[in-house]
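S.K.: The structure's right below; bear with me while I get my questions together.
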Amino acid sequence: MLRNCAMRLRTLGATPARRPGAARRLFSSEKVIRKDYALPNPSWTKDLRLLFDQFMKKCEDGSWKRMPSHRQNPTRAIQEFQTLFVDSKFKKEEQMSKAQQFTRSFEEGLGFEYAMFYNKVEKRTVSLFQGGLHLQGVPGFVHGGAIATIIDVTTGTCAISEGVAMTANLNITYKKPIPLLSVVVVNSQLQKIEGRKLFVSCTIQSIDEKTLYTEATALFIKLDPEKPLT
């Protein structure tokens, strides 16, 4: 899955994001402020808010960093990625400017509600995830494809800390179904690097760590600017 590599690479060294709010334009600088969807909203349950606050405490000493998350890619990031990796005959800048991140394309509370935190020293990324009602598979439970998506997003953040990368393989073992609207912890860690190959492990557990819902391993490949994707 192609992800917003350029934006996330900047984010790993970025300053904390602003509080949520509709995108607006500042008259002084004409700079657009985009809404950060990785901050609490009214659809978040008490459990998700509590976990979020706990991880924000961990961020205070600098060991963890909260990852901002936006609905649309910055235009500059799109242009940079296409310049490096996309053949000119496939570039559609006007259409791409209207593209949205899949996990942030749902109405509030209906899809992927999550906040992501990154630890550079431990090479870990943790997502606090609440699956909304429009992610249903078997009645009452989160669809397996939605679970795979949040795994891909979380492990991908681990991988791109080492450079622009794309998913090559996801190996997922579903152990227990995840109830809709429940809160789970998606914990991923970069295990090893072999050349351009990045190997990442991942688990999904209940917030009390007593239930293991899913185990996964992922392989990502660092992209070579000398080799276009198309």
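Even glycines carry a Cβ here, placed using N, Cα and C.
Computed from a predicted structure; not experimentally measured.
Pulled the feature table from Swiss-Prot, pasting it below:
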- ASP152: active site, proton donor/acceptor (ACT_SITE)
- LYS175, ARG196, LYS197: substrate binding site (BINDING)
- SER28: phosphoserine (MOD_RES)
- SER29: phosphoserine (MOD_RES)
- LYS46: N6-succinyllysine (MOD_RES)
- LYS57: N6-succinyllysine (MOD_RES)
- LYS65: N6-acetyllysine (MOD_RES)
- LYS89: N6-succinyllysine (MOD_RES)
- LYS98: N6-succinyllysine (MOD_RES)
- LYS197: N6-succinyllysine (MOD_RES)
- 1-27: transit peptide (TRANSIT)
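Looking at the shown structure, can you explain where the listed features end up?
M.R.: DSSP assigns LYS197 (substrate binding site) to a strand.
With a 10 A radius on its CB, LYS46 (N6-succinyllysine) counts 8 other CB atoms from all the protein chains. Following the DSSP three-state reduction, the secondary structure of LYS46 (N6-succinyllysine) is helix.
Around LYS57 (N6-succinyllysine), taking its Cβ as the centre, 10 other Cβ atoms fall within 10 Å, counting all chains.
Its Cβ placed at the centre, LYS65 (N6-acetyllysine) has 20 other Cβ atoms within 10 Å. The secondary structure of LYS65 (N6-acetyllysine), as reduced to three states from DSSP, is extended strand.
Close to LYS98 (N6-succinyllysine) in the fold, though at least 6 residues off in sequence, lies no residue with a CB less than 8 Å from its CB. DSSP assigns LYS98 (N6-succinyllysine) to coil, not to a helix or a strand.
The Cβ of LYS197 (substrate binding site) lies under 8 Å from the Cβ of ALA168, LEU219, PHE220, ILE221, LYS222, each of these being in the same chain and 6 or more residues away along the sequence.
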S.K.: To the nearest whole angstrom, state the Cα distance for the pair LYS175 (substrate binding site) and ASP152 (active site, proton donor/acceptor).
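M.R.: Rounded to a whole number, the Cα-Cα distance is 17 Å.
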S.K.: Just going by other Cβ atoms within 10 Å, which of the binding-site residues LYS175, ARG196 has the emptiest spot?
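M.R.: Among the binding-site residues LYS175, ARG196, the lowest count of other Cβ atoms within 10 Å belongs to LYS175.
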S.K.: Round to the nearest Å and give the CA-to-CA distance linking LYS65 (N6-acetyllysine) with LYS57 (N6-succinyllysine).
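M.R.: The Cα atom of LYS65 (N6-acetyllysine) is 10 Å away from the Cα atom of LYS57 (N6-succinyllysine).
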S.K.: Across all the protein chains here, work out how many other Cβ atoms are within 10 Å of the Cβ of ASP152 (active site, proton donor/acceptor).
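M.R.: For ASP152 (active site, proton donor/acceptor), the 10 Å Cβ neighbour count is 21.
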S.K.: Taking the Cα atoms as reference points, how far is LYS57 (N6-succinyllysine) from LYS46 (N6-succinyllysine) in Å?
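M.R.: Counting only the Cα atoms, the answer is 17 Å.
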